[in-house]
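Chemist: Okay, handing you the structure first.
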Amino acid sequence: MWNLTKFVASRLSRSRRFFSSVIPRPCIIQKRGADILHDPWINKETGFPLAERNRLGLRGLLPPRVISFEQQYARFMESYRSLEKNTVSEPDTSHVALAKWRILNRLHDRNETLYFRVLIDNIKDFAPIIYTPTVGLVCQNYSGLFRRPRGMYFSAKDKGEMMSMIYNWPAQKVDMIVLTDGSRILGLGDLGVHGIGIPIGKLDMYVAAAGLNPQRILPVMLDVGTNNLKLIEDPLYLGLRQPRLEGEEYLSIIDEFIEAVLTRWPKAIVQFEDFQMKWAFETLKRYRERFCMFNDDVQGTAGVALAGLLGTVRAQGRSLDDFPNQKIVVVGAGSAGLGVLSMAVQAVVRMTGNAETAAQNFFLLDKDGLITKERKNLDPAAVAFAKDPGLIAGLRDGDSLLEVVKKVKPDVLLGLSGVGGVFNEEVLKALRESGSNRPAIFAMSNPTMNAECTAVEAFKHAGENIVFASGSPFENVQLGNGKVGYVNQANNMYLFPGIGLGALLSGARIITDDMLQAAAECLASYMTDQDIEKGILYPSINSIRDITAEVGASVVRAAVAEEVAEGYGKVDPEELAYMSK
């Protein structure tokens, strides 16, 4: 009994040490006076009490009245709701969206504590503003919206200097880095240095959803030039006005940046974001076994899609064991589309144990139509998914989407093409005749203008019994007889915060396929049978913190099981293994 008591006491003591290493304590402020007011990490604006004003040299630099945090919160929300009310009849929705982003960004620039409190409490309203779809507009207009720098910028001109530059960042510790080269921002293409808006938005979601310390996150832009002539000719463009580096020159820049990051913060997690397809796959292959990193477009999107595909099987009244029999047409052979196919095929292999036939029910199309083994100059990343022309009678290389839907009669139509409206009326009506008792449509491209179809179009032409998911937010559709066509937002925000949180708290050396698979399966199992029956595949964004905790826990368990966990803070891998869910 004595030994058992001692063991339990030891575990409790270590658990307390774990939580004390996670929960931030009061910090020591090295700054004084106006420097504090200009630092959004520590600025409380008019919330500084008189004792702190005296101690920190702030007396006389602020109006005399002390406004509490709660009062500041209420004042901001009143201002924001007033903007909503005054713009409710505005015809230009992009103008309104940018106005909402500006008011939030101004708060972010001066008081991060209040900003994140507002974001966490109103995540359903504000996530579409700081993240997709509004972040796409922000990136497109970034030179005009830029007021103060956020994050770090490394360019091709900095070659040989990055090791010293990394120490210019003021935080002593960084847990999470989101990195982009701006080459493929959402479905908008090459936006160069203006793509920095994506890492900023992603990391804001990490703080809001996963509770990461905002002083330990770092958005990074790797500026290797741009092939967007409009930007190069724009006198206000903020990046290098030169064509993009290619080949070994390009990789040498990324190598140097990664070496600098890992020298200063060897345990930092690096999330690659919005790289064009060839570099998305090349960098993933190059780095994933070397340090803790993942590519959200390839792996995060894939996990969210897989969770939805597994949910679709349940919505059709079938067992999950029937997933390998689902016929799935994927439109879009970029990094996201190929990532979805790769993870879905891995799931089939896990279920059947047969790798040879795992891809037989997946059909991939690019801008030139159906991809078969007859395709010339086929991208190496797509070879594994190229079809034998004789697999289905009459199926040929280059067949249009409409022809493929008519011949294959799929259960699921999944779009990651970036081409708005590609799921047109003819295609949707053909899907209706597929024979599936409940066909599913995933129009996952964003921003909204690039969605393959709208929710209204899907329910109108493919039938009221479909399951519908989109990458950007659409309203639920009112059907006849008081029924509702539910719109699922198949957004990476449900997954990447949990992947990052789990990798961080497990101290994972690398992020493995099994960790990503565990995250996707956790998200898929989150919904109740009642929700699934209604066609609801994903939870409400209001539950994002609970979802992230669940996903994070599943990632920790997978990391421990695969023996890649090295522990976090004072908690070692053995202790992680003893922890309950």
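Even glycines carry a Cβ here, placed using N, Cα and C.
What TrEMBL records for 108-288 is domain 'Malic enzyme N-terminal'. Look at TrEMBL and you will find Tyr131 tagged as active site, proton donor. Annotation source TrEMBL lists (S)-malate binding site at Arg184, Asn446, Asn491. Annotation comment: TrEMBL describes Lys202 as active site, proton acceptor. Among the features that TrEMBL reports, divalent metal cation binding site is placed at Glu273, Asp274, Asp297. Here TrEMBL flags 298-560 as domain 'Malic enzyme NAD-binding'.
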Chemist: Taking Cα-Cα distance, which of the recorded positions Tyr131, Lys202, Asn446 are within 10 Å of Asp274 (divalent metal cation binding site)?
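Modeler: Candidates kept after distance check: none.
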Chemist: Using C-alpha positions only, work out which of the recorded positions Tyr131, Glu273, Asp297 is nearest to the residue listed as 'active site, proton acceptor'.
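Modeler: So, spelling it out, the nearest of the recorded positions is Tyr131.
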Chemist: Output, ordered by sequence, the same-chain residues six or more apart from Asn446 ((S)-malate binding site) with a CB under 8 Å from its CB, or 'none'.
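Modeler: In sequence order, Thr132, Pro133, Gly136, Leu186, Gly187, Gly471, Ser472 meet the Cβ cut-off.
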Chemist: Rounded to the nearest angstrom, how far is the Cα of Asn491 ((S)-malate binding site) from the Cα of Glu273 (divalent metal cation binding site)?
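Modeler: Pair distance, Cα basis, whole Å: 14 Å.
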Chemist: Looking only at C-alpha atoms, tell me how far Asp297 (divalent metal cation binding site) is from Arg184 ((S)-malate binding site), rounded to the nearest Å.
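Modeler: Spelling it out, the Cα of Asp297 (divalent metal cation binding site) and the Cα of Arg184 ((S)-malate binding site) are 10 Å apart.
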Chemist: Measuring Cα to Cα, how many Å separate Asn491 ((S)-malate binding site) from Tyr131 (active site, proton donor)?
Modeler: 10
Chemist: Let me check the 10 A CB neighbour count of Glu273 (divalent metal cation binding site). How many other CB atoms are there?
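Modeler: The Cβ of Glu273 (divalent metal cation binding site) has 26 Cβ neighbours within 10 Å.
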Chemist: Of all the recorded positions given, Arg184, Lys202, which has the fewest Cβ neighbours within 10 Å once its own Cβ is left out?
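Modeler: Fewest other Cβ atoms within 10 Å, among the recorded positions Arg184, Lys202, is found for Arg184.
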Chemist: Looking only at Asp274, Asp297, the binding-site residues on record, which one has the least crowded Cβ, with the fewest other Cβ atoms within 10 Å?
Modeler: Asp274
Chemist: About how far apart, in whole Å, are the alpha carbons (Cα) of the residue listed as 'active site, proton donor' and Arg184 ((S)-malate binding site)?
Modeler: 16
Chemist: Grab the (S)-malate binding residues from the record (Arg184, Asn446, Asn491) and give me their largest CA-CA distance in Å.
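Modeler: Answer in Å: the longest Cα-Cα distance is 17.
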Chemist: Across all chains shown, how many C-beta atoms besides its own are within 10 angstroms of the C-beta of Asn491 ((S)-malate binding site)?
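Modeler: For Asn491 ((S)-malate binding site), the 10 Å Cβ neighbour count is 25.
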Chemist: The residue listed as 'active site, proton donor' has how many other Cβ neighbours within 10 Å of its own Cβ?
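Modeler: A count of 23.
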Chemist: To what whole number does the mean pLDDT across the domain 'Malic enzyme N-terminal' (108-288) round?
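Modeler: Looking only at the domain 'Malic enzyme N-terminal' (108-288), pLDDT averages out to 95.
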